[in-house]
Amino acid sequence: MNEINKIWQKILEIILEKVGESTFELWFSPIKLLDIKNSEAFIEVPNRFFKDWIEDNFPSIISDSFYQITGSQVEVKYIITGKEHETGLIEEKKQVIKKGNLNPKYTFDTFVVGPSNQFAHAASFRVAENPGFAYNPLFIYGGVGLGKTHLITAIGNYILDKKPEMNVCYISSEQFTGEFVSAIRHEKMPEFRNKYRTVDVFLVDDIQFIAGKDSTQEEFFHTFNELYSKQKQIVISSDRPPMEISDITDRLRSRFGMGLIADIQPPEIETRLAILYKKADMEGVKLPEDVAYFIASRVKSNVRELEGSLIKLCAYTSLTKVPISMDVAKYVLRDLLPDENKPITIELIQKAVCEAVGLKIQDIKSKKRTKEISNARKLAMYITKKLTNLSLAEIGNAFGGKDHATVIYACKQVEKEKEKDESISRLIDSIIKKVTGQ
């Protein structure tokens, strides 16, 4: 195995850990690293739908993983299999992204407005028209894949379009933390502070990830104050409102609520249909009405999954040269779309938990008491109690003959862990959504 392949295998391992097995197998397993030249990584994708989906859903995951493995920043450039001559066009598009580190696809024009996101959209547009004066800070919160990143990026793109001289910075809180730690390690704090305290617009995605990181919170607090005092626009996104973010300081939580707080809810069916038609139009695909309704009626809570279902369907029909139809949609999306009539059983919950943590069902049914197995067993018991009407004795019996007291203890332990560790809450939420088909 040559050096490039070794690097790529390590990167794939990181991506697998971040996105989960099903997403990895579908979207990342088929792509490969062709070459690395002059800080540019050339990635081969089967067709443009893969490129579009990765850029829309995980725009920085490959470059971030490169940095984690090699310590070097790279610019990712996509090459479509068999179409090397299109590389220049793709590279040209990628150059636009460099400005403010913004994805040019995320604009107000491409954002579908509905009752579930109307307020957040209106607030974002107002901020974009009058940065630093309308609502400062603007705090947008909502579940995973509902359009928070799209909106805060649209703010940046709009401002740069109208006022290209402005210094717009988009960054995730994880990236902010990583650069902060690196600056301390390499004694480059003055450069770090100059980079983030001199911007005109500060767009921060997924702020909840600084929870529990005291030094990062301290640095972010002073960065926030410096920008706010100069009337520079601050926009923050999170998966929950400020008051529900645990393990952050009260003074930081207070800063988050100083301006306007806007939420995004899961889209209703009309908005989901509009999103599908908009995405299909952007991809140059004719989407039959029955297929659109089929997808929209099944994928209910997540715009990212909604668009992902369409992109998977488009990728399949593009590769196989067959037209989009209801039969094709049902076949291609059979694993992604839930069966609404499927009852929630303890076996279904055990399977979902084990898939999420990488164990076998027989492990959590066994007498084994390793920490990994014990934690998974407690999670499964907790979710079973939450989603079913089974008695405590019935739940215990399904986990290797445990008694009702063990189930009660397990549920209490999970509740405590949820309060201390937000990653546990996110894991439980994702498992519940998978089991319930949301």
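Quick reminder: no glycine exception, Cβ is built from N, Cα and C everywhere.
So that you can see what the record holds, here are the features copied from Swiss-Prot:
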BINDING   Gly145, Gly147, Lys148, Thr149  ATP binding site
REGION    1-74  region 'Domain I, interacts with DnaA modulators'
REGION    74-100  region 'Domain II'
REGION    101-317  region 'Domain III, AAA+ region'
REGION    318-438  region 'Domain IV, binds dsDNA'
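The ATP site is defined by Gly145, Gly147, Lys148, Thr149, and by the 8 Å test on Cβ atoms against their centroid, the other residues of the chain that qualify are Gly142, Val144, Leu146, His150, Leu151, Ser237, Ile264, Val303, Arg304. Non-local neighbourhood of Lys148 (ATP binding site): Ile140, Tyr141, Gly142, Asp205, Ser237, Ser238, Ile264, each in the same chain, at least six residues away, with C-beta under 8 Å from its C-beta. Using a 10 Å radius centred on the Cβ of Gly145 (ATP binding site) and all shown protein chains, the other Cβ atoms total 17. Across the region 'Domain I, interacts with DnaA modulators' (1-74), DSSP assigns 45 helix, 12 strand, 17 coil. Counting other Cβ atoms within 10 Å of each Cβ, the binding-site residues Gly147, Thr149 show the lowest value at Thr149. In terms of DSSP secondary structure, the region 'Domain IV, binds dsDNA' (318-438) contains 82 helix, 0 strand, 39 coil. Under the DSSP three-state reduction, Thr149 (ATP binding site) is assigned to helix.
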